[in-house]
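Contents: one structure, followed by commentary.
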Amino acid sequence: MSTATAPAPEAAAAAPGSPQRREGLFRAAWRHGRTKVGVTLVGVIVLIAVIGPFVSPYSPTELVGIPNRASVDGTVFGTDGIGRDVLSRFLHGGYTLISIAVSAALGGVLLGTVLGVIAGYQRGWLDEAIMRVNDMALAFPQLVLALLVMSIIGPQVWLIVALIGVSHACRVARVAREATLKVVEQDFVKSAEAIGLPRWRIMTAEILPNITSPLLVELGLRITYSVGLIATLSFLGMGLQPPTADWGLMINENRIAVTVQPWSVVLPVAAVALLTIGANLITDGLSRASIGIDRGVEKQ
Amino acid sequence: MSRLILYRLGYGLLTLFVVSLVVFLATQALPGDAARAILGRDATAERVAVLRDQLNLNDPLALQYGKWVAGVFTLDLGDSFANARPVAEYLGPRVAGSLTLLGLSALLATPIALLLGALSAIRRDRAADHATSMVSLVLASLPEFAVGILLILALSTGWLHLLPPVFAGTASAVLADPVQLILPVLTLAIAVSPPIVRMMRASMIEVLESEYVQQARLKGLSERVVIWRHAAPNAIGPVAQVIAVQLGWLAGGVVAVEFLFAFPGIGLALMDAISTRDIPVIQAITLLIAAVYIVVNLLADVVGLAANPKVRVSAR
């Protein structure tokens, strides 16, 4: 959004490539109220997901009462479709979702960065090859690609991480390449080339430190989408499989009974919603701090 | 300009070809025996043989692909495994159902999003602008199925039983009971709007600061005329591309929404086909969605080129 405040002085003043720059980005992002709200939301949900399994009153697969009752003795939020404790399943259901989503996003950003920097710095046929293959992979909506591949092999956790990670990587590679192209033209890269630094050294020591801001924004965005995509896959029954406790799966299993026992749907939906909103607020704060233009909206 | 467009078209065709290869390889040419993977370990040798024959699995890979693509062009996509009807006949009404859903969502979302974006730009940095920006940021974060469930929770449960949470009807008559369409259309419209709002706001701000708008104001035209006759029409150009991209995204986003509301379209058909491993239907739907996505993105590119005077002039 163009009204975003100008990049904070720290971020602008710090010499490119110095470690202060990144610290400056986080501090500049923190100035925006939305970043604080985002960090709080994400913090609360992650805390629930991490501590939840240790404090849950029952096991997530234990039958504790009559199915689909909102008030059952000894439970806070009643029972789900086959009589398990809703609160216990909720407390157990976030950990896998978050860890799968974050690994897919991290893997995707890592792979995308490597591809994008190589394409942007080496140029020539390698650039063409990487970016053209990329375009082909971008022709599938992320969800449809994941569904297509899993339709025959079946839902597997490693496959979900790989598919979502790779489809992120294609999108990250574009951003990393654009950022690299801007850096490559600058004098310090030219001088590093002149003194004969090996090309891989230039890529890791000269270019990479100077494109961390857009990459961090991209990471935030990818985590937001990962959570949404993986929750959607579980909701469609193509993610984690029963009897695992998982927020997306809980919604899928209990949505038919939502009128008689809303809690088993309300809790996981609220958690997924707050988590993605929080992650996107942080991303928006980061991107306002880094370039003044926010990318936190486009669905790609 | 026209050369650039031709280039994009050729590139789009190439992409379509590669996409068809991916769809084919992912479903039919997996390492191991696809027929056995579909039928499971307990299947009799006889059934596996029948299925292998149906999928042309005994032919060499290139010939299998050729036969399948030829089928795509003649709309002879084979018979569905699950209901034994020809795939084209089975999917026809569902495609129409999904198109109705998408069309209504686009018709609802686009004007409202454009208006909100323009109003935000006019009331820049005031409360209404901040509120719109915050709401669109929040809505943009939510996965579309979550939007749908929140709407169901708000409008179909508890005290309010305003709208039916599940679609009850057949694919051939989705418009028979329009009330049932409200929730799915609303969900998709909400999911698709935020980027349009943002882009319209940014574009409108740029136009409002331009010299010809200043000129119009100096001429003494009323602010209403300046905004709605001079500024808004010029601001829409750059937004057209974002709108097109969002509509392409709808083609994929429709899967989760149709599944949630049990709406009889291609998204629900895809999930049904996956649960029964109905390969011909899976192939047809994923190829269709990817094709729509490619074509719409291509249109977005062309619109983007046409809206950019620099390209229009220099690349003639």
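The backbone N, Cα and C atoms fix where each Cβ goes, and this holds for glycine too.
According to TrEMBL, the feature domain 'ABC transmembrane type-1' maps to B:95-300.
The transmembrane segment annotation in TrEMBL covers B:9-30 (among others).
For B:99-122 (among others), the entry in TrEMBL reads transmembrane segment.
Residues annotated as transmembrane segment in TrEMBL: B:134-159 (among others).
The feature transmembrane segment is assigned by TrEMBL to B:179-197 (among others). For the transmembrane segment (B:179-197), same-chain residues at least 6 beyond its ends with a Cβ under 8 Å from one of its own Cβ atoms are 100-102, 104-106, 108-110, 112-114, 116-117, 120, 132, 136-137, 139-140, 142, 144, 147-148, 151-152, 155-156, 163-165, 167-169, 239, 242-243, 245-247, 249-250, 253-254, 257-258, 260-261, 263.
The transmembrane segment annotation in TrEMBL covers B:247-270 (among others).
Residues 1, 4-5, 8-9, 12, 15-16, 19-20, 23-24, 27-28, 68, 72, 77, 87-88, 91, 95, 237-238, 240-241, 244-245, 247-249, 251-252, 266, 269-270, 273-274, 315 of the same chain lie 6 or more positions beyond the ends of the transmembrane segment (B:282-307) yet place their CB under 8 Å from a CB of it. Under the heading transmembrane segment, TrEMBL lists B:282-307 (among others).
Listed as Cβ neighbours of the transmembrane segment (B:134-159) (distance under 8 Å, sequence separation of 6 or more from its ends, same chain) are residues 116, 165, 183-184, 186-188, 190-191, 193-195, 197-198, 253, 256-257, 259-261.
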